[in-house]
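The next block holds one structure in the form of structure tokens; read it before the comments.
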Amino acid sequence: MEKSKNIWSLILTEIKKELSEEEFYVWFENLCFLESVGDNIKISTPNLFHKNQIEKRFTKKIKEILTNNGYDNVTIVFTNQSPKTYSSKEESEKTTFNETFPTLDKLKGTTLSKEPLQSIKDRIKMYIKKEEEPKNFKNPFLKKRYTFENFIIGPNNKLAYNASLSISKNPGTKYNPCLIYGGVGLGKTHLLQSIGNKTEELHNNLKILYVTAENFLNEFVESIKTHETKKFKKKYRYLDMLLIDDIHDLQKKEGIQEELFHTFNALYEDNKQLVFTCDRPPSELTNFTDRLKSRFTRGLNVDISKPNFELRVAIIEKKAEEDGIKVPKNILNLVAQKVTTNVRDLEAAVTKLKAYIDLDNIEIDIDIVEKIIKEIIIYEKETTNEPSNKINIENIKKILLRELKIAHKDIEGHSKKPEITKARHIYAYLLRNFTELSTIEIGKIIGGKTHSTVLYSINKIDRDRNKDKEINNLITELMNKIKKN
């Protein structure tokens, strides 16, 4: 036992030579010699975090010290087991660090920091957790109903699904950070929650937190009011995985953006997984700091678009099965044909069908389905300003084709003739200025173009208007005619 204590004291002496006073205090002052079994020397750490960090930072150096001093066969084993769990006999035999090596108080002199010891202790409280960390970090916002197994995969979301599943299996590796973007009700939250649930299942030792951007903001504001910002930072910067939903809700909120920036850096630099969802690509976020947007684009940005007909049918079938109702094929196809907005609206249609069956005890016919569809479409228009978008799109297209003498099939086709390409650039620019459509939605309207292509078109017309008077006059004339209609 005495030999083992001497070996541990030797290790401390050698490491002390290479660390600053504060580093040495942070990592080694609270270590405690527990016991030696054979060639294993067991050392107690204050908590699991401390244990993991000690092993990560100093294992190589400790092995080097042992080898250089002829103790190749000796192994230092760190544990977060408390010395209090040992018997009184073992307690009387163990030697703490303070007994085998001088404390900072004894070491104080001209070579040490002039800063008071208590001040050092206060500063490092943010760095070392003094309390034992829970083995399982419970996340109150993760809902078990969201799983990869009940997520319906189609061409519109397959890439996002595969990336999300990969993240769950190997967090903090390939796709970090990851940002999933797309319109309302397309499954972003489902995937984000599924990542949390699957990761918790596969890696139950990890600390995973799912929050909406609104919750994140509210917590931050509350921490300022109660003077507990340190607690807020500590909560979010010791995570293994942070999932934030609807990041676009933080637009125009500089204070929380600043906090998110530093939280992002702290986690990213420690290879912790970050996943966000947004209703648009990062480049389209307004009143959002450039340095934060650049952080989002470091990893994978993947979009989810509206479901095609086949996927809409599959979604309705699955929802009907879950609700225990049988939907005739003609009814199912009618709903899938008419409700083209998103998954949420499709499920709402099935819920309404179930209500008619359960509450009114009637058979579903075409008239009832038409009524349900009409209610959903009217509500969708009211909440998304869709009428003005649809009117504008038709007006824009009509005026553009007429003024530029371009055929309908060409503007939405793949012709690379200069005049057609130019017309597409203008079309994208006008759609961007007269509607609330995202670049992804605009891309689909003008022939399946990508977000990057649409953004290029918009920026090109912007540049051309500034340097080409003829182009500027043409765009101004087109915009005036669209406004009149």
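Please read every residue number as a count from 1 along the shown chain.
Using the three backbone atoms N, Cα and C, a Cβ is placed for every residue, glycine included.
Residues annotated as ATP binding site in Swiss-Prot, with sequence analysis given as evidence: G185, G187, K188, T189. Per Swiss-Prot, the feature region 'Domain I, interacts with DnaA modulators' maps to 1-74. What Swiss-Prot records for 74-140 is region 'Domain II', and it gives sequence analysis as the kind of evidence. Look at Swiss-Prot and you will find 141-357 tagged as region 'Domain III, AAA+ region', backed by sequence analysis. What Swiss-Prot lists as region 'Domain IV, binds dsDNA' is 358-485.
Residue counts for the region 'Domain IV, binds dsDNA' (358-485) under DSSP, helix first, then strand, then coil, are 102 helix, 0 strand, 26 coil.
Other Cβ atoms within 10 Å of the Cβ of G185 (ATP binding site), summed over all protein chains shown, number 18. Under DSSP, K188 (ATP binding site) is assigned to a helix (H, G or I) in the three-state scheme. Secondary structure counts, DSSP: the region 'Domain I, interacts with DnaA modulators' (1-74) has 46 helix, 11 strand, 17 coil. Proximity of K188 (ATP binding site) to non-local residues of its own chain (separation of 6 or more, Cβ distance below 8 Å) is seen for A160, I180, Y181, G182, D245, T277, I304, given in sequence order. Residues G185, G187, K188, T189 make up the record's ATP site, and a Cβ search at 8 Å around their centroid adds G182, V184, L186, H190, L191, T277, I304, N342, V343, R344 from the same chain. Annotation for T189 (ATP binding site): spatial neighbours Y146, D245, T277, criterion Cβ-Cβ under 8 Å with sequence separation of six or more. Per-residue pLDDT, averaged along the region 'Domain I, interacts with DnaA modulators' (1-74), amounts to 84 for this model.
For G187 (ATP binding site), the number of other Cβ atoms no farther than 10 Å from its own Cβ, over all displayed protein chains, is 26.
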